[in-house]
Amino acid sequence: VNFSEFSKKCSERWKTMSAKEKGKFEDMAKADKARYEREMKTYIPPKGETKKKFKDPNAPKRPPSAFFLFCSEYRPKIKGEHPGLSIGDVAKKLGEMWNNTAADDKQPYEKKAAKLKEKYEKDIAAYRAKGKPDAAKKGVVKAEKSKKKKEEEDDEEDEEDEEEEEEEEDEDEEEDDDDE
């Protein structure tokens, strides 16, 4: 029995019930509502999940991964060969191509990604040192953080970076569409 059928049967049954029969369910609903209101008085929402961390637009951007470098090279070729493919289908095709690419053939992309990552790490260290004059004087680049908090921030940065990369891909694809 699917939900819509079940719901219809419940509705029909409710309409045929006497007030006395309905009273039992109404009492249960009132008791559940009272329990809910009691629990909500003491409920404290988890910190930091709803607030989005401020991201400085002047901060260095994270470098693309080897896969994204591969995609930026092969996307125009795929679009040229298959102009009717949707963005999602192009992405699937690129993913398949990457997975079928031999490790030796991935090497240039991985090397370039590693170089870009090194440059990013230097840039972000300089950026953080510049943003904190006291830390720069002492030679400290990163403030110490609890492991859990650091992991949460890293997860947020990764999500934001993925969103940025997707936006950049969309912009690149729009530019490619405009060129055609």
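Any Cβ shown, glycine's included, is placed from N, Cα and C.
Among the residue ranges 1-8, 17-24, 33-40, 89-96, the one that Swiss-Prot annotates as motif 'Nuclear localization signal (NLS) 1' is 1-8. When the alpha carbons of LYS106 (N6-acetyllysine) and CYS10 (cysteine sulfonic acid (-SO3H)) are compared, the span between them is 59 angstrom.
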